[in-house]
Each structure stands twice: as C-alpha cells, then as structure tokens.
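Lifted from TrEMBL, the feature list:
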TRANSMEM  B:21-43  transmembrane segment
TRANSMEM  B:63-84  transmembrane segment
TRANSMEM  B:133-155  transmembrane segment
TRANSMEM  B:167-186  transmembrane segment
TRANSMEM  B:193-211  transmembrane segment
TRANSMEM  B:217-235  transmembrane segment
Amino acid sequence: MSSELWIAVLATAIGTFLMRCLPLVWMRRRIRKLAESDRIDAMPQWLSILGPLMITAVLGVSLVPSDPASPLSWLATAIGAIATLLVWYRTRSLGWPVAAGVATYGAVIVVAGMGG
Amino acid sequence: MNLQATSDLSRPWLTGIREAIPLLGGYIPVAISFGLVTVQAGFSTWEAALISTLIYAGASQFLFVGMVTGGAPLWLVVVMTLLINVRHVVYAPNLAPWLTHHRCWPWLMHGLTDQVFALAHSRLPQLAERQRLGWFTGAALLAWGSWIAGTTLGAVAGEWLTSRWPLLGEIMPFALPSLFLVLVVPRFTSRQWSLALCTTIVTAMLCTLAGVTNLGIPLAAILGALCFYAVQFDTRNRRQE
C-alpha cells in the first residue's frame, strides 16, 4: 500500500473513532453538569428516541435478503423471523432465539434447495 | 443469556463474551467476504487485517476498498466512508447514563458498532454498575477479534471456504436480523413506539430495496422519530380538547 493510501486508512480510522468517542465525552460533561439523580434525564429526548430507532433501522436493512428477487429468500426470512419471535416469547433470552432463527432459516433454504 | 437483570455476575467480562456470541454468526461470514474482496482488489492479507483492525466498520470498509480499486480520489474515499459512519454519533450518548467514570470508556468506544451498541443498550441498564466495564470489554473485544480473525481467514482462504461451504455464507448472516429482532421486540410497549418502530423498519427495508441502504438507516430512524412526535402531539391536542 502506498503512503497516501495509508494516510487515507488512518484518516478514516481516526474519523470513525472520533464519531464514536466524542459524543460520549460531550454527554458525560452534560451529565456531570446536572445533578446525579437526573442522569437519565440529562439526555435530550430526541437522542434517547433516535438511538433505539437506529437499531430498528439496521434491523429493517438486515431483514432484506441478499437476493431480494428470490421469493424463497423472503419466505425463509419470514419463517426464520417467526421462529426467532416464538422462541424469544417462550424463553425471553438472547441466545436461543437467535440459534432457533438461524436453524429454521437454514432449514428452509436447504429443504427448498433440495426440492428445487 | 437471560435478559433479566442479573446482579450476581462474578466474571462480567465472561458474560459479555458469552452474550456477544450470537454476533459471530453475522460478523464472521461478512468479515470473510471482506477479506476475500480486499485481496482480490490487490491488498495483502496483513493490509486487509489492519484495515479491519483500525477502521472496524463493515459497510464503510467495503466502500473504502471499492472506491480505492475504482480509482476514486483518496479525499473523496475518506469523506464517503466517514459519511456512512455518521449514524454512530448517536450511539455513545445513549449509553452514557449507564457508563461509570472509568477512564477506559472513551477508548472502548472504538468497539461501538451497530451490533455492539444494540446489545449494550439492552444489557447495560440491567447490570450492576461495577459489572458494566467488564461486560462491555468482553463483548466488544470478542466482536472486534472475530471481525479481524474473519477478515484474515477470508484473505487467506476465502475462495476455498466459499466454494467448499457455499450455503454457510448464506445462512449464518441471518444471525444478525434474528439478534436485532430480539433486541427491538421488547420496545413495542405502546401505540406510539409501535408506530415509530414499524415506520422505521418499513422505510429502512424500502431504502435497501432501492439501493440506498446507508442513506436509508438515518432516514428511516428520523422518519420513525417524526412519527413518534406526531403521535405525542396528537395525544396532547386531544387531551386539551
């Protein structure tokens, strides 16, 4: 890699790190200024709403199959998602619903692949 | 891996590692693809691993390598990759109320990816204050390590792996939507939140189908937030009437 390319890698790495780190420094100062009992309220409401919605947006993106033209991949995604939700409803845990979702999704892909 | 509050964790870093294991299903196949794409673009194995170590942001790494290979000016490459990562600015403030005063926290933010944030946002409030640093360190280091290891594996043997087990790369990434689903579902607590969450999911899916995924994430979240405020405004108006 050329030295210019290394500089580009470092600039991107430092920029990405600062975008993750500086808002924390800002928020910690804001919290420190307010009373200890108001720690949660120190966060502006729009920010506390936007955080969970960013995760939800990433969920939306990840629900679209890599081959959106294939009805099978949509079917497998839907069945995998239902399996995840059912196991979550029963166990209220983190690992088992994910394992069940992946196994079900994989089973639909494999079985449909054998049939096709 | 229970999501209920746990206060008897003697080794929180180990619990963090255990609870971050579902992330690997999504991280490793994508990291293998990145390693493969990067060496095919003319980078060496250790250069690919170093990019994953330093930048550590999936989509922007693919864009970085793609733009460099396409001959784009390097300043534009840097600007575009940083623009993709802008969404990360809202993550750390959302965790801040649950972080202790330890000086390591700002450095640990290097590991604050979408997935680690989603996990930490659910779990940190349930942990005792003294357990949070250990838990986050364990979870973030496992995720980071798996990303670097997956990239190296992809750079060294990606072609062989994808030809040997083609389905594995197709099936394992479903761990990510599955995990996000588990993290998002408990937030359907009211009509207001349900509307905001559904709007966000549908918008993000439509943007992805339209090929504007990276713009779609902040756009979908902003639209969801607007729905949230619209319902709040509507409810207040009705109460006043």
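Any Cβ shown, glycine's included, is placed from N, Cα and C.
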Across B:63-84, B:167-186, B:193-211, B:217-235, the most C-beta pairs under 8 Å with the transmembrane segment (B:21-43) come from B:167-186
With the cut-off at Cβ under 8 Å and a gap of six or more residues from its ends, the chain residues touching the transmembrane segment (B:133-155) are 9, 11-17, 19-21, 23-24, 27-36, 38-39, 43-45, 48-49, 51-53, 56, 58, 100, 102, 104-105, 108, 110-113, 115-116, 119-120, 123-124, 127, 161
Within the same chain, the residues 6 or more beyond the ends of the transmembrane segment (B:193-211) and with Cβ under 8 Å of it are 184, 187, 217, 219-221, 223-225, 227-228, 231
